[in-house]
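A short worksheet on the structure shown next.
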Amino acid sequence: MRDGGNDRDGLTRSWMRVTLASAIAIAVCYADRSNMSTAIIALASDYELSKTAQGAVLSAFFYGYGATQIVGGSFADAYGGKWVLLAGCVVWSCATLATPAAADVGTGVAALVGARVILGAGEGVAFPAVHAVISRHVPVERQSTAVAVVTAASYAGAAVAFAATPPIVSAFGWRAAFYSFGGLMVFWLPLWLPLNLSESSARNEQRVALDDDDGEGAIDIVEETRRLTSLDEASTPSSTATIAPPPPSSMAIWRELIKRQEVKAICVAQFAQSWGMYGLLSWLPTYFHDAQGVELANLAAFTFVPYILQGGVGLAVGVIADDFINTRNVPTRKVRQWAQGVGMIGPALALVVAASPVCDHNPTAAAITVDIGLALSALTLAGVSVSHLDIAPKHAGLVFATGNTCATLAGIVGVPLFGVILDATDQSWPVVFASIAVVYIAGAYYYINAIDVDDIDADVIRAARM
């Protein structure tokens, strides 16, 4: 008889190690991208950059980020996420280290923009790779928790960047910020390289016990899925016993995926919430520095707290969502709808308050309002952030990459647009915040009405073969 308790303990340790190592990678990823939001205040002063030019630098990241999303997701789904994530980390770390040299090239910002594009290209594969790893190596009943931990780590990485960059820049200059964060990769590699993320490991980690505590009656999900698939194909009149239909290409699968209402809901929601998240991630230090009069050395107290709160809320909401679904039998669709709705409408209302006279020249009131809004936004970790695992577990990386590409478009359009608005309106932050609130509410409405949670993998594969 197999020792089910020991197996479960081993699998628990396994998925937790995978989740922890993935979370640290995402934290490093977000720290490397976020330090520019603060460093650009000193950089812009040195090079006399307008808000429009600053917006071009801040948004350049998203061009590279969007370019590698779907490619990264396809490679991660096909070959596993371990080496895809490793390659991405090497690229983005090198780009971070090269940023000061790029800023010194020529009289414009072209080289600096190029470095940010490369940074984005490296980071573009990170989340698709991690979500592919989670879909294969984390038990289904723990995937909401794993996604919440990993996504909370993104907030932690941003918080570290916002907390550490102001004192680093004040003490050593803005160049030191990029050298410091670019070297973080060396602390992650010893955690990631030893992990066994092979297909055989994935099959073991996805075994579940159906009968008793000794684990008798356990079913291998992967093998059972293959058996059912073969039976389905054998029962099809056009199939034969000796010739299996060729697997559809990734492009054919992707074309079918984007036709689905559920995938469209994911794309719209990720675009809408990223319109605000990327805008605030890029411009929040400038808002507190310019509009609220906070000195650069004191910015950390106003800019890192929202991301600490997001991380805490994100961790809690993943566990709570799993409990509601698995223990309290709340329908998964209802959990996703409520989490996404509150997680987008709440921040929209908070930004309306932040744009009101209540927060004029009142950095404390503005900080509290923004903190509440961004904390509520973390509820979406139990919404759209796991919808791809609900609807397409076999193609989770590809679906996430598609949605994240739409999110990246929000960064490409929104971040520079906010700079143009600020230059054109004599620094009118209420206009910026109002645009974010409107997009948040529209995205929440669409997602709530369009999302579903049924597994569409089999239908998509069948349609892609036609």
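Note that Cβ sites are derived from N, Cα and C of the backbone, with glycine treated the same way.
The domain 'Major facilitator superfamily (MFS) profile' annotation in TrEMBL covers 18-455.
Sequence-distant neighbours of the transmembrane segment (55-76) (same chain, 6+ residues past either end, Cβ-Cβ under 8 Å): 33, 36-37, 40, 49, 84-85, 88, 109, 112-114, 116-126, 128-129, 131-133, 250, 254, 278, 282-283, 397-402, 404-405, 408-409, 411-412, 415-420. Residues annotated as transmembrane segment in TrEMBL: 55-76 (among others).
Residues or ranges marked as transmembrane segment by TrEMBL: 83-103 (among others).
The annotation transmembrane segment is assigned in TrEMBL to 109-134 (among others).
The annotation transmembrane segment is assigned in TrEMBL to 146-164 (among others).
If you look up TrEMBL, you'll see 176-197 (among others) marked as transmembrane segment.
For 265-284 (among others), the entry in TrEMBL reads transmembrane segment.
Same-chain residues lying 6 or more positions outside the transmembrane segment (304-325) and placing a CB less than 8 Å from one of its CB atoms are 141-142, 144-149, 151-153, 155-156, 158-160, 162-163, 280, 284, 331-332, 335, 339, 367, 370-371, 373-379, 381-382, 386. Under the heading transmembrane segment, TrEMBL lists 304-325 (among others).
Feature annotation from TrEMBL assigns transmembrane segment to 337-358 (among others). Residues 269, 272-273, 276, 317, 321, 365-366, 369-370, 372-374, 376-384, 429-430, 433-434, 436-438, 440-441, 443-444, 447-448, 451 of the same chain, all 6+ positions outside the transmembrane segment (337-358), place their C-beta atoms under 8 angstroms from a C-beta of that stretch.
Same-chain residues lying 6 or more positions outside the transmembrane segment (364-386) and placing a CB less than 8 Å from one of its CB atoms are 143-144, 147-148, 151-152, 155, 265-266, 269-270, 273, 276-277, 280, 284, 287-288, 292, 301-302, 305-307, 309-314, 317-318, 320-321, 335-337, 339-344, 346-351, 353-354, 358, 403, 447, 451. For 364-386 (among others), the entry in TrEMBL reads transmembrane segment.
Summarising the annotation, TrEMBL assigns transmembrane segment to 398-422 (among others). Outside the transmembrane segment (398-422) by six or more residues, the chain places 50-56, 58-59, 61-63, 65-66, 69-74, 77, 124, 127-128, 131, 250, 253-254, 257-258, 263, 266-275, 278-279, 282-283, 384, 388, 391-392, 428-429, 431-432, 435, 439 with a CB less than 8 A from a CB of the stretch.
Here TrEMBL flags 428-448 (among others) as transmembrane segment. Counting residues 6+ beyond its ends, the transmembrane segment (428-448) has Cβ neighbours under 8 Å at 265-266, 268-269, 271-273, 275-276, 279-280, 283, 287, 291, 337, 340-341, 344-345, 347-349, 351-352, 354-356, 383-384, 410, 414, 418, 421-422 in the same chain.
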Chain residues outside the transmembrane segment (109-134) and at least six past its termini with a C-beta under 8 angstroms from it: 18-19, 22, 25-26, 29, 32-33, 36, 47, 49, 53, 56-58, 60-69, 71-73, 75-77, 80-82, 84-85, 87-96, 98-99, 102-103, 143, 146-147, 150, 197, 388-389, 396-398, 400-401, 404, 408
Mean predicted confidence [pLDDT] for the domain 'Major facilitator superfamily (MFS) profile' (18-455): 86
Interface-richest range of 146-164, 176-197, 265-284 toward the transmembrane segment (83-103), CB pairs under 8 Å: 176-197
For the transmembrane segment (146-164), sequence-distant contacts whose Cβ falls under 8 Å of one of its Cβ atoms, 6 or more beyond its ends: 15, 18-20, 22-24, 26-35, 37-38, 130-131, 134, 138, 177, 180-181, 281, 284-285, 299-300, 303-305, 307-308, 310-312, 314-315, 317-319, 321, 378, 381-382, 385-386, 389
